[in-house]
Structure formats: structure tokens, C-alpha cells
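K.L.:
Annotated active site, proton donor per TrEMBL: 146, in sequence order. The active site, proton acceptor feature in TrEMBL is assigned to 217. Positions annotated as (S)-malate binding site by TrEMBL: 199, 467, 512. Annotation comment: TrEMBL describes 288, 289, 312 as divalent metal cation binding site. Among the features that TrEMBL reports, domain 'Malic enzyme N-terminal' is placed at 123-303. Summarising the annotation, TrEMBL assigns domain 'Malic enzyme NAD-binding' to 313-581.
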């Protein structure tokens with residue numbers, strides 16, 4: 001259960017009003033029971049025999065019962081021993097451990113990629129079992145189906161491609177997308193993750209290979225949020241690539257032309273959005289790994305008319321905010337002290353600017369949410385990009401970064417200048433937090449970390465958030481060895497904790513977006529909200545920040561264990577729904593209309609969320625010739 005006692009004052013006020021509403025609800029309403037929408041009702045299928053065995057959505061393998069084998073013409077097509085799903089998983093895990101080495105394509109093929117190959121084969125033949133394995137071993141396999149291994153998968157996707165998964169819309173499909181969406185077999189799609197492959201993690205332009213990111217994200221939507229896997233859709237929008245290696249590669253699967261830009265590019269994205277929302281009006285579209293020049297423009301273009309959000313801009317920001325609030329708690333201070341934090345940010349791309357905007361809004365809310373509060377919040381950030389410290393003297397300053405450019409008078413007082421190096425900025429500012437969103441591996445050098453020793457914080461925090469692992473600004477070993485045990489460390493990709501050898505552990509917190517985006521998507525879906533508002537995103541971040549106990553944050557643990565991801569997602573989805581109610585955005589979901597949803601207590605909302613989370617259980621299959 002979420003720990004609500006450490007929330008910001010602003011959120012406490014909102015919750016107080018909500019609980020006053022709860023106390024006025026009749027006891028009968030509070031005792032309401034729910035029938036799950038994602039329960040174990042029989043599934044009608046229109047195929048039999050080998051067609052069923054070759055369909056991963058319905059295939060159960062050796063788990064088909066004798067009566068189902070008779071009903072579906074499977075008798076004789078399977079070994080006679082009927083196995084439980086637990087026995088199937090046990091057999092698969094034994095094979096997985098045995099095959100990991102054998103599945104490698106030579107010594108250059110990492111063990112993680114071998115695991116991905118084996119899991120992908122299971123996904124191709126039996127979706128239910130695949131998700132059962134993924135959920136049961138989420139800590140081990142989340143880094144395989146998503147970061148960091150998914151980066152390696154995307155880099156090698158042409159060679160790994162075996163079975164089509166998802167949809168591809170290309171520049172060649174202009175004028176045809178409205179009809180193309182009906183080629184997808186599902187009449188209902190709840191969640192789409194779309195990319196144009198232009199900025200995959202920190203790896204750059206990978207073109208059509210980037211669909212691996214969309215597939216990996218949706219695997220986590222299913223595992224963490226219980227989105228029905230038959231109602232998710234990974235999408236690649238192929239507008240070309242500027243990756244010269246791919247343009248010359250005869251085996252590349254995408255369009256071998258340079259990327260479209262300007263109005264031509266926008267016209268394709270516009271056509272795609274109109275097409276998917278025409279067929280599936282209630283779908284949620286998550287934009288993923290679009291280059292910075294388009295990430296913000298597309299977010300602003302669509303966010304007030306479609307149910308969409310950008311995970312790099314908004315999801316990364318939310319996870320970072322939760323971690324930053326956790327760092328304040330770990331320093332022994334209340335979260336309301338967040339506006340006093342001095343934060344040096346390395347990186348001014350879409351993720352960096354997204355975090356800056358969200359952090360500034362959070363600080364401003366705590367300071368009164370007026371113009372003076374926003375100005376005061378701005379002064380807590382020092383942003384360093386590839387050209388150094390960003391100030392008002394910067395020529396051709398990026399429009400999105402300009403609000404955070406330091407004023408000349410300010411930097412003169414601090415002994416800094418336009419373009420000052422990261423080491424110089426850290427030395428002079430003595431920040432409470434060093435936040436890396438640069439996609440430059442090793443950027444936090446020994447000199448930078450040594451400079452952080454001058455921090456005025458009791459426990460300085462280092463956030464090396466760039467993915468994949470090779471792009472992390474520093475490793476936990478580097479941070480703890482230079483700054484000692486008292487530092488708070490977080491990264492975007494998983495690292496092992498550091499054992500100091502004296503009975504103490506240096507905790508490596510993974511600030512993974514999977515803590516937030518599944519709950520944001522699920523909460524938006526179940527609320528029926530027509531948009532994903534800033535308030536809903538803020539509620540998700542604050543819920544995550546408050547999830548940890550005081551004892552945990554004092555030990556330097558600011559993010560929860562991935563093993564509890566479904567419970568975390570349930571809590572965050574409930575917080576998103578409550579905020580949607582507060583903002584009068586709810587429109588209801590399936591059999592629960594908006595009026596009824598507004599009457600729910602927090603406990604009922606949690607139950608409502610839980611009962612609408614799909615679980616990987618084999619349904620009873622009933623054949624219907626029609």
C-alpha cells in the first residue's frame with residue numbers, strides 16, 4: 001500500500017478534499033463488489049486443429065485438457081500427458097538455462113541476447129505462457145525484453161526478424177493509412193506504442209529497427225499493468241533514415257531514403273493519428289524515442305485532442321521527479337523542501353527538457369503556483385549541454401531550453417560564464433543533485449565526481465539516467481568509490497548494488513520508466529479521460545515518490561523493487577484515476593460510467609483497477625464455426 005504520509009502539501013490538500021468526499025458515500029456504495037472485465041470467461045474461437053496450435057494467442061501446448069482436445073480436434077496432435085501451466089514453465093526454465101549458451105551466435109553474441117532469442121520464440125508460439133514467465137521473473141527478464149538488451153536487439157533487428165509483430169506505416173503509404181488500420185485483426189486496441197526510430201535510447205537513428213522498442217514497451221504494459229495482450233499494438237512509422245550504414249545495408253528492412261522533414265513529415269504523422277483514432281476512438285497512443293526536434297512539437301500538437309503522451313518527455317520526467325523527491329526524503333528533509341534543491345542537469349534533449357519542465361512545475365506548485373514561484377523555481381537549475389553551461393548569451397539557443405538559460409548577472413556572481421564546463425559548474429554551484437540525461441557514457445568523469453565532494457548537501461545525489469548501460473554517465477562503483485557511502489545513486493539502466501565490505505551496501509536505484517508509464521496508461525484507460533493531463537502525470541510521480549518507507553529512503557533506497565511492479569502500477573493507476581476525478585475528466589470505462597466512478601472510495605478504485613488487470617491464465621476455448 002502506498003505510504004501517503006510523506007506527500008507534498010499540495011497533494012495532501014487534494015487528498016483531504018477527496019477523503020471528505022469518500023466519507024459522505026453511503027456504506028452500501030463503499031461495499032460494492034466488482035466483476036472483473038479481464039476474468040476467466042470462455043473464449044470463442046473460430047479455428048481448430050493445427051490452426052489453434054499455430055496461433056500464439058490461443059495455443060496452450062501440452063496444457064490443453066482432454067475435453068478441449070476433443071472439442072478442438074487436437075486429439076493425437078499433442079503428447080497424451082496433460083501438463084499444468086506450472087509444469088510447462090518449469091520445463092521451459094530448465095530448457096532456458098540449458099540453451100542460453102547454445103543459442104548464442106558465437107562469442108560476440110552476449111548471453112542477454114541469447115535469452116531474448118529464447119523468450120522471443122516462446123512469445124511466437126504461446127503468448128499466455130510467455131507473459132506468465134515474464135511476470136513471475138520480472139526482475140530478471142525486464143532488462144531482457146526492455147533496457148538495456150532491447151537496445152542491442154534494435155541494433156541487430158534485421159538479422160533477428162522472424163515473425164511480424166505490430167504494424168508498419170511508411171512514407172509509401174500516404175493516403176492509404178485509413179484503410180490499412182483495418183488490416184490489424186483486433187476490433188479493440190487499448191494501447192499503441194509508436195516510434196519513428198529516429199532516436200532509439202541513446203543509440204541514435206536506427207530506422208525501422210526501432211520497432212523493437214515499441215514491442216518491448218508493450219510487453220511491460222502487459223506484464224506490469226495487465227493490459228490485455230490481444231489489445232496492444234506496436235507501431236513503426238518509417239519515414240526513412242539518416243543512418244548512412246543502414247542506407248547502404250542490402251539487408252536493411254526499412255525504406256532506404258533519407259528522413260522526411262517539415263510539412264511532409266507532419267502530414268504522415270497526422271494521417272496516422274487520424275487513422276488509428278478513427279478505428280479505435282478510445283485507444284491511448286504512447287510516443288516513444290522520437291528525436292528531440294519532433295518530440296515536443298508532436299506532444300503539443302496532439303495532447304489536447306487525442307489520448308496520447310510522450311514517455312521520453314513525460315514518463316522520464318515523472319520517474320526523475322519521483323527520484324528527486326525521494327532524494328530529498330533520503331537527506332532527512334520533508335518533500336516540501338524540494339524547491340530548495342540546487343540541481344545541475346547534464347543534457348538538454350527531449351528527456352532533459354522534459355525533466356526540467358516537470359521539476360520546475362513541481363517546485364512552483366509547492367511555492368504557491370504563481371509567476372513569482374515559477375521564477376524562483378527556474379533559478380534552481382543549471383543546464384549544461386555539449387557546448388557547456390547554457391546562458392542568455394548563447395547564440396541560436398534552443399527554444400525549449402531558453403527558459404532555463406542562466407542570467408548574466410547570476411553567473412557573474414557565481415564565477416561562471418557562457419559555455420562553462422560541467423566540472424566548473426559543479427565546482428562553483430556545489431549542487432545537491434547532479435542529474436545526467438545526456439546519452440554520453442562516462443560524462444561524469446573522476447574530475448566531475450571529485451568536484452561534487454564540495455556539495456552543500458548532507459547526502460549528494462547522482463542520477464546517471466541515460467540508457468542503455470553503456471551510455472550511463474557513470475557507474476555506481478565510480479560514484480561510491482569517489483564520494484563514499486553517503487551518496488544517493490540512481491541510474492536509468494540496471495546496475496548491481498555495491499558491497500562496501502563492511503556490512504554496508506551502496507544501493508543502485510534504477511529510475512526505470514516502467515515504474516510510471518504502465519500506471520499512467522492503465523489509469524487513463526480506466527478513467528476514460530479524453531486526455532493525459534499534467535495533473536494526472538504529477539499525481540503518478542508523487543504516488544511513486546511516496547511509495548517508499550522512511551526506513552528505506554534513509555538507507556538510500558528511493559525506488560521500489562521491480563518485483564512489486566504490478567502492485568506499484570495498481571497504486572499509480574488509482575492515483576491517476578483520482579486526479580482525473582478531481583479535474584472532472586473521467587468519462588468511465590466499459591460498464592462503469594463517470595457518475596459511478598466519481599462515487600468510488602480509494603479502496604474501491606484500487607479494487608476496480610485490480611479487477612481490470614489481465615492475468616496470464618489459460619481461458620477455456622469454445623469453438624464456433626461462424
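From the backbone N, Cα and C atoms, a Cβ is placed for every residue, glycine too.
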K.L.:
If I take the Cα of residue 289 (divalent metal cation binding site) as reference, which of the recorded positions 146, 199, 217, 467, 512 has the closest Cα?
P.N.:
199
K.L.:
Restricting to the same chain and to sequence separations of six or more, state which residues have a Cβ under 8 Å from that of the residue listed as 'active site, proton acceptor'.
P.N.:
146, 193, 234, 286, 288, 311, 517
K.L.:
Just counting, how many other CB atoms are there within 10 A of the CB of residue 289 (divalent metal cation binding site)?
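P.N.:
Residue 289 (divalent metal cation binding site) is surrounded by 25 other Cβ atoms within 10 Å.
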K.L.:
Looking at Cβ-Cβ distances, which residues of the chain lie under 8 angstroms from residue 467 ((S)-malate binding site) while being 6 or more apart from it?
P.N.:
147, 148, 151, 201, 202, 492, 493
K.L.:
Same chain, not part of 288, 289, 312: whose C-beta falls within 8 angstroms of the C-beta centre of the divalent metal cation site? Give them in sequence order.
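P.N.:
Once 288, 289, 312 are set aside, the remaining close residues are 195, 199, 200, 213, 287, 290, 295, 310, 311.
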K.L.:
Show which residues of the chain containing residue 512 ((S)-malate binding site), separated from it by at least 6 in sequence, have their CB under 8 Å from its CB.
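P.N.:
Residues satisfying the criterion: 142, 147, 319, 492, 494, 559, 562.
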K.L.:
If one measures from the C-alpha of residue 199 ((S)-malate binding site) to the C-alpha of residue 312 (divalent metal cation binding site), what distance in angstrom results, rounded to a whole number?
P.N.:
10
K.L.:
Within its own chain, what residues at least 6 apart in sequence put their Cβ under 8 Å from the Cβ of residue 312 (divalent metal cation binding site), listed in sequence order?
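P.N.:
Result: 287, 288, 289, 290, 295, 350, 351, 354.
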